[in-house]
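Visitor: Take this structure, written in C-alpha cells, and hold onto it; I'll ask about it next.
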Amino acid sequence: ICTLYSVFMTNIFSRTSIVLWSYLFTSILLLVTLPVLAAAITMLLFDRNFSSAFFDPLGGGDPVLFQHMFWFFGHPEVYVLILPGFGIISHICLSISMSPDAFGFYGLLFAMFSIVCLGSSVWGHHMFTVGLDVKTAVFFSSVTMIIGVPTGIKVFTWLYMLLNSHVNKSDPVVWWIVSFIVLFTFGGVTGIVLSACVLDNVLHDTWFVVAHFHYVMSLGSYISIIIMFIWWWPLITGLSLNKCLLQCQCIISNIG
C-alpha cells in the first residue's frame with residue numbers, strides 16, 4: 001500500500017494503470033480481513049490446546065461465531081483472487097480498443113472500489129443454512145444482489161470497448177478475454193440465483209454451488225493468468241508466442 005501510495009501521491013485521480021489500482025484494492029481487502037482470520041485461528045488454537053471455550057457450546061461458546069469470522073475473511077478472499085484479473089482485463093481492453101468507452105477509466109475504477117466495499121459486507125450469504133434471523137438473511141441477500149451491479153458495469157464496459165473498436169478479432173488475447181467474460185458472467189448469474197436465501201437453502205450442498213464457484217474462481221482466475229502471460233510475455237522477453245497454438249489452447253480450454 002505504501003509503495004502504491006508513492007506512485008499516486010502526485011495526483012490521486014491521475015490515470016495511473018488500472019492494474020495498480022486493482023492491487024491497491026486487493027491489499028486493502030487483505031489488510032481488513034486477515035486480522036479477523038488470525039483472531040479466529042488463535043481462538044480455535046486456545047480451544048483445542050488450552051481448554052478455552054470460544055467456539056465450544058459445552059463451555060458457553062458459539063460455533064457459529066467461528067463461521068462468521070472465517071467467512072468474513074473467506075468471501076473477500078474471493079475478490080483478492082479475482083480483482084487483479086479484473087485490473088488486467090480492464091488494462092488490456094483499454095489498451096487494445098483505443099476508443100472512448102461507455103463508463104470510462106473512472107467508471108471501471110469506481111466499479112472495482114464498489115466491489116471492495118460491498119465484498120466485505122456479504123460474508124453471511126455463505127451461512128443461510130445455519131439459522132440466521134430473517135432481517136439478517138434479507139440484508140445479506142440484498143447486498144449480495146447489489147454487488148452484481150458494479151460487476152455488470154465492468155462486463156458491459158469490456159464488451160463495449162471490444163465491440164466498438166477496430167480490435168483484431170483473430171488476436172488470441174481477444175479470444176481469451178471473450179472467454180473470460182462469458183464464463184465469468186455465467187458464474188456470476190448463478191451467484192445471483194444463490195443470493196436469494198430461499199433458493200440457497202434448496203441448492204445448498206449441490207453441484208449448482210460447485211459449478212458457481214468453479215465458473216467464477218477456477219476459470220476466472222485461471223484465464224486471467226493466461227491473459228496476463230500472453231500479454232506481457234512478449235514485452236518482457238521480446239519473444240512472440242505462436243498465434244495458432246494460442247487459439248487452439250483457448251478452444252481446448254473452453255471445451256475441457
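Just so it is clear, glycine is given a Cβ too, placed from its N, Cα and C backbone atoms.
Because the structure is a prediction, the values reported are computed rather than measured.
This is the feature table in TrEMBL:
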type	residues	note
DOMAIN	1-256	domain 'Cytochrome oxidase subunit I profile'
TRANSMEM	20-46	transmembrane segment
TRANSMEM	78-97	transmembrane segment
TRANSMEM	103-124	transmembrane segment
TRANSMEM	136-161	transmembrane segment
TRANSMEM	173-199	transmembrane segment
TRANSMEM	206-233	transmembrane segment
Visitor: Averaging the per-residue pLDDT over the domain 'Cytochrome oxidase subunit I profile' (1-256), what integer do you get?
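Guide: Mean pLDDT across the domain 'Cytochrome oxidase subunit I profile' (1-256) comes out at 87.
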Visitor: Looking at the transmembrane segment (103-124) and the transmembrane segment (206-233), are there 3+ C-beta pairs under 8 A, with each pair at least 6 apart in sequence?
Guide: no
